[in-house]
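Asks: Following this message is one structure expressed as structure tokens.
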Amino acid sequence: VSTSHLQLAAFALGTVGWILCTVSMGIVEWRVWHVANTTIISSGIAWVGIWKVCFISYLHVSPGYREQFCHKFSGYDSFIPHEIYAAQGLLLIAMFMGLLGLAATIFALRNVYMGITHKTLIAPFFLGGGFFYIFAGLCVLIPVSWNFYSVTHNQSIAFPPSYYMPSSPAAQEAGAAIPVGIVAVILLLLSGTFSLSYRFPMTANTIMK
């Protein structure tokens with residue numbers, strides 16, 4: 001148990017990082033667009049996520065909402081930029097890899113705290129969990145960095161008319177999902193590093209085995 005304090009911290013950090021990764025997927029505010037024409041987009045602000053685009057409209061352009069209009073992306077939309085497609089796929093992979101990392105770490109910690117001191121049941125699962133965490137962190141880092149680059153260069157998206165969105169904003173800024181994703185990356189990479197640092201204690205019994 002005394003040799004696995006970092007791995008316990010890795011599990012805690014990995015859990016929070018995995019939760020934040022999942023949260024960033026659901027947040028629509030990846031890119032915040034400021035538009036000049038407020039005829040339909042009443043607040044002058046639209047939120048572009050990786051699954052849909054939303055804005056406030058007092059014209060009730062969508063019968064399903066009172067004020068907020070949202071239009072979901074489909075897999076056949078050719079206008080969606082590559083960074084959004086990449087975010088959709090890589091974040092799903094990151095969520096799955098993070099879940100595998102948590103499962104491997106839980107299994108290894110279970111063996112540690114139950115006194116099952118067999119090297120083949122502990123060290124490989126800590127190492128495997130570490131690789132899963134790091135891979136998940138990299139899968140989050142790529143879309144977060146790519147979308148942040150698009151924001152800083154004010155890149156446009158050719159939305160179809162049914163979306164009631166301009167093809168380019170007057171200005172845009174990073175939404176809440178990007179800093180949430182950055183924190184998730186940091187926690188997942190730290191968790192992976194801590195998990196990979198595990199060293200099985202070389203006791204007399206271990207040497208005899």
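A Cβ is built for glycine as well, from the same backbone N, Cα and C atoms used for every other residue.
Sharing the feature lines straight out of TrEMBL:
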type: TRANSMEM; residues: 6-28; note: transmembrane segment
type: TRANSMEM; residues: 40-59; note: transmembrane segment
type: TRANSMEM; residues: 84-109; note: transmembrane segment
type: TRANSMEM; residues: 121-146; note: transmembrane segment
type: TRANSMEM; residues: 176-200; note: transmembrane segment
Asks: In terms of Cβ proximity under 8 Å, which residues at least six beyond the ends of the transmembrane segment (176-200) contact it?
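Replies: Residues 3-4, 6-7, 9-11, 13-14, 16-18, 20-21, 23-24, 27-30, 49-50, 94, 98, 101, 105, 108, 119, 122-123, 126-127, 129-137, 140-141, 143-144, 147-148, 151, 206.
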Asks: Are there residues at least 6 beyond the ends of the transmembrane segment (84-109) whose Cβ is under 8 Å from a Cβ of it, and what are they?
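Replies: Counting only partners 6 or more residues beyond its ends, the transmembrane segment (84-109) has Cβ contacts under 8 Å with 4, 7-8, 10-11, 14-15, 17-18, 21-22, 24-25, 30, 50-51, 73, 121-123, 125-126, 128-133, 135-137, 139-140, 142-144, 146-147, 188, 191-192, 195, 198.
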